[in-house]
Amino acid sequence: MIGTPYTEGARRAMLLGCGELGKEVAIELQRLGVEVIGVDRYPNAPAMQIAHRSHVINMLDAKALRAVIELEKPHLVIPEIEAIATQTLVEMEAEGLNVVPTARATKLTMDREGIRRLAAETLGLPTSPYFFCDTETEFNQAISKIGVPCVVKPVMSSSGKGQSVIRNVAQSAKAWQYAQEGGRAGGGRVIVEGFIPFDYEITLLTISAVNGIHFCAPIGHRQEDGDYRESWQPQAMSADVLAKSQAIASKVVEALGGYGLFGVELFVKGSDVYFSEVSPRPHDTGLVTLISQDLSEFALHVRAILGLPIPNIHQHGPSASAVVLVEGKSKNIRYQGLAAALAAENTQLRLFAKPEIDGRRRLGVALARDKDIDSAVNKALDSAAKVQVIF
């Protein structure tokens, strides 16, 4: 049962993280009559702008997190980022709090160690070789064992922060320092992974719902500096490789438990599929589904977490997304060139309405459909390039 916002019978959902992905989740929640409470570390975050009300706290502060949850008494807590005091969610779930998809899934996936050990050591899924390191000495030993090239990431980071590829050992010291600076919770433990010379990488959006496991068409994407630049759907792949990908994704999602949409990242090399990472929430590469599917990843996530069934997911055809990435410093961001950006048919634009920029930041995404993937990607890139950001 869903009541009406601001009434005694309202169904209340609390978003922990109010960025562009959380904003789309909030929109879908409101379409189904759910009262939305936004929580983030800074004011006027994108989802806060449309939430029924919001709070600014340090979500890594266990006391502050518990206090805001006890104040609002949400029926659902929906983590949208990694930087959260997840042990508090585990404790409060044991007290009766409903965490999406589960507090365990949120805790395991907030850092790369929990999910990598689950995938490789518990589930026996194929992954790259890896070591976890607490000190620079352990870090250098791991590099000597794995060899170069190898990939270095903080165990807790997102959007490529702190990630680098070591192509020769002379880059080791710089990579260690960069990883220490890039972690969401400060410096600390890192993972060193063997580099898989993959043919392509995909995100397989996997939904666990009341009526079973469902998959979106595979999404291909291009990464730069550890962050996505373009994504497209569907990624061309053989039926055999797709079946292997779905089998891996199913195992991971079922092991994590709960209802919701999961972004499962996989590497494909020939006919081999390797598990990379998973997010128990909508994925940034999945922004393409805003134009590629009848139900976006956000709509699917909300249906699943509300205990509603997932029907057949209709994919409209070759589609792509391209980010609007800007570097600068401003608290008065403005946009022009929108008419040109939207002049071509089957194009859309999402401006995230982030309140400020200090450095490099993703401020929007262009979306496009066309006759084939290359045409769709080029159309999305052209649209994104025409957006002019004024400081």
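Yeah, the Cβs are placed from backbone N, Cα and C, and that goes for glycine too.
Noted in Swiss-Prot for the protein shown:
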BINDING   Glu20, Leu21, Glu80, Asp284, Lys354, Arg361, Arg362  N(1)-(5-phospho-beta-D-ribosyl)glycinamide binding site
BINDING   Arg112, Lys153, Ser158, Ser159, Gly160, Lys161, Gly162, Gln163, Glu193, Gly194, Phe195, Ile196, Glu201  ATP binding site
DOMAIN    117-306  domain 'ATP-grasp'
BINDING   Glu265, Glu277  Mg(2+) binding site
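Structural mapping of features recorded in Swiss-Prot.
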residue: Leu21; record: N(1)-(5-phospho-beta-D-ribosyl)glycinamide binding site; DSSP (3 states): helix
residue: Glu80; record: N(1)-(5-phospho-beta-D-ribosyl)glycinamide binding site; DSSP (3 states): coil
residue: Arg112; record: ATP binding site; DSSP (3 states): helix
residue: Gly160; record: ATP binding site; DSSP (3 states): coil
residue: Glu193; record: ATP binding site; DSSP (3 states): strand
residue: Glu277; record: Mg(2+) binding site; DSSP (3 states): strand
residue: Asp284; record: N(1)-(5-phospho-beta-D-ribosyl)glycinamide binding site; DSSP (3 states): helix
residue: Arg361; record: N(1)-(5-phospho-beta-D-ribosyl)glycinamide binding site; DSSP (3 states): strand
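The binding-site residues in question are Glu265, Asp284, and the one with the fewest Cβ neighbours inside 10 Å is Glu265. With a cut-off of 8 Å between CB atoms and residues at least 6 apart in sequence, the same chain places Arg112, Ile115, Val264, Glu265 near Glu277 (Mg(2+) binding site), listed in sequence order. Take the Cα of Glu201 (ATP binding site) and measure to each of the binding-site residues Leu21, Asp284, Lys354: the nearest one is Asp284. When the binding-site residues Glu20, Glu80, Asp284, Lys354 are compared by Cα distance to Gly160 (ATP binding site), the shortest distance belongs to Asp284. Nearest to Asp284 (N(1)-(5-phospho-beta-D-ribosyl)glycinamide binding site) in space, judged by Cα atoms and limited to the binding-site residues Gly162, Glu193, Phe195, is Gly162.
Candidate binding-site residues: Gly162, Glu193, Phe195. Nearest to Arg362 (N(1)-(5-phospho-beta-D-ribosyl)glycinamide binding site) by Cα distance: Gly162. Mean pLDDT of the predicted structure over the domain 'ATP-grasp' (117-306): 95.
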